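Here is what TrEMBL says about this protein:
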COMPBIAS  53-71  compositional bias 'Basic and acidic residues'
COMPBIAS  330-341  compositional bias 'Basic and acidic residues'
COMPBIAS  423-438  compositional bias 'Basic and acidic residues'
COMPBIAS  452-466  compositional bias 'Basic and acidic residues'
COMPBIAS  565-575  compositional bias 'Low complexity'
DOMAIN    95-177  domain 'J'
DOMAIN    452-507  domain 'Myb-like'
DOMAIN    573-627  domain 'Myb-like'
DOMAIN    576-631  domain 'SANT'
REGION    53-92  region 'Disordered'
REGION    330-350  region 'Disordered'
REGION    423-466  region 'Disordered'
REGION    520-575  region 'Disordered'
Amino acid sequence: MAVHTKFRLITYSQEIVDGQPIFVSSNCLPTKALKYEPAGHSFHSAALKLRGVQEDKNEADDKKVPEDKEQTYLPSDSYSSKSKKKSGTGDKQQDHYALLGLGHLRYLATEDQIRKSYRETALRFHPDKQAALLLAEETEAAKQAKKDEIESHFKAIQEAYEVLIDSVKRRIYDSTDEFDDEIPTDCAPQDFFKVFGPAFMRNGRWSVNQPIPTLGDDNTTLKEVDNFYNFWYSFKSWREFPHADEFDLEQAESRDHKRWMERQNAKLTEKARKEDYARIRTLVDNAYKRDPRILRRKEEEKAEKQRKKEAKYLVKKLQEEEAARIAEEEKQRKEEEERQAAEAALQQKKVKEKEKKLLRKERARLRTLSGPIISQRLLDISDDDVEGLCMSLDIEQMRSLCENMEGKQVLLEQASVLRDAMSSKKEVADEKTNKKDANGSIKANGSASRSNVEKKEKPWSKEEIDLLRKGMQKYPKGTSRRWEVISEYIGTGRSVEEIMKATKTVLLQKPDSSKAFDTFLEKRKPGAQSIESPLSTREELEGVSTLASTNSTEESHSKSTDNQNSASANGVSSSSEQDVWSAVQERALVQALKAFPKETSQRWERVATAVPGKTVNQCKKKFAMMKENFRNKKSAV
């Protein structure tokens, strides 16, 4: 240290010279001087400070400390609770921040501030700097006690620095530091921000995510309010929870014992962490329930919901009123239509009654005029003929007929007029009958044309069906132009529509029990004699052969007669010979109809095969005649 010669050194009073004790002030703790003169550069600097020449470095450092409490310390997420040691001796934990002179900053102190404060405090309280305190003690025991006190104080400073400079240890210490866990439960609406704002700021020190959003004020936007509550509802804390009953891992006797201690400590820590999260959640819930901005938004949403509900109810009410009005108008319209219809019906009824009355009057008039004619039997006019005219003629015709009869004075002339009316009535009836017959013939021709169209569709033969099955197996689904290829494969000129229809009808038919017999009939030799029907007997066959020989003899005998009649018949043979049915043929037809029911495929071909000497059309015609005869007999009975 440079010596300033232009300043006078410190002077000593008479008290010091006489050896009296005196307390002096310096940049360190008060020092008691007894019978010793101060010496050294420290006293020289102290003298300069007393004169105001040199500024105190401690005060300058204190001025440089930022007064704002902005948190710059962000601990890491990964930390361990292993080897947790309680600082200090005894049950009371020492204040590390106070030992380093950072009590006013505490958890807000930065690492640089901790290092700087430790250097100054270590120099100030180093045992070599505290030698003057030992000299102030009189006895050796007091000096030893004072020495132990100075050393323990210096060790505490070193321990505080070791804890605060290590991020994990400092996190554990900050977690156990004095903290107000109380949360507000209720407050006045106007004091909400004053009560809950500091509580959130106080608990925000434990947040992993920094910086934390502020509660704001009454003018804060709803988006910021939602972000604030979303942050706190997903709050993550780095706070440690060292328990009073935790086990010291350094006291473990073995590795298994240490692991057991770690598990127990983890259980206690997890329990404390859950309790702290529940406390934070309660704080957020209490604030959310009492936040005037949230309450105002809920009221607005409720009012909006009520407004929509009322609007919906109003619209529904208007719709119901409109529907009721339309229903009332429809009801009135129907009532008016019914009233008008009733009036029209009543009027029509009156007109009909009037017409009936006039008709009865005219009929009575006609009966009166025709009475003498009927009594004298002129022109064979009977009472039934007059009644027929009365029932068939309308009012105008009857009136004109009566007037014509009244215009004739002679009864014979009146009878001729009446006969003419009867003949005209008969002509009208004949025209109606002819029209009906013409309509019936038109219908018959239409049905015949439809049947011809249906018959135009060529039936599928057995060979075509077999080729169709083989073609569908040979060309499966997925083949390009499958149906055209199958049509070419069959080779009979079948169209694609006919083939597709046959796959849904012909191929799906169940096999018939008489298939083998039909195949046999198709493949038999032309000259071979066989049984024509599965139900026929030998006697029936003999009768059929006898009948056939008789018919051939009769035909040869009447050949000349037929030749003579052929000229008059224009070469057309009579069909009466073909319509002749023997008893054997009729019995075979009945049995074949029973053997082949209506749902049998190709029924009439099989029936004709079973009936000897008859074709399909003859069998159908005979069946129609039998059915007509049965109906006539039934009606006669």
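Placement of Cβ uses the backbone N, Cα and C atoms for every residue, glycine included.
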- Message: When secondary structure is assigned with DSSP, how many helix, strand and coil residues does the region 'Disordered' (330-350) contain?
- Response: 21 helix, 0 strand, 0 coil
- Item | Helix, strand and coil counts within the domain 'Myb-like' (573-627) (DSSP) | 33 helix, 0 strand, 22 coil
- Across the domain 'Myb-like' (452-507), DSSP yields 36 helix, 0 strand, 20 coil
- Task: May I ask for the residues of the chain that lie six or more residues beyond the compositional bias 'Basic and acidic residues' (330-341) and have a Cβ under 8 Å from a Cβ within it?
- Result: none
- Restricting attention to the domain 'J' (95-177), give the mean pLDDT. 88
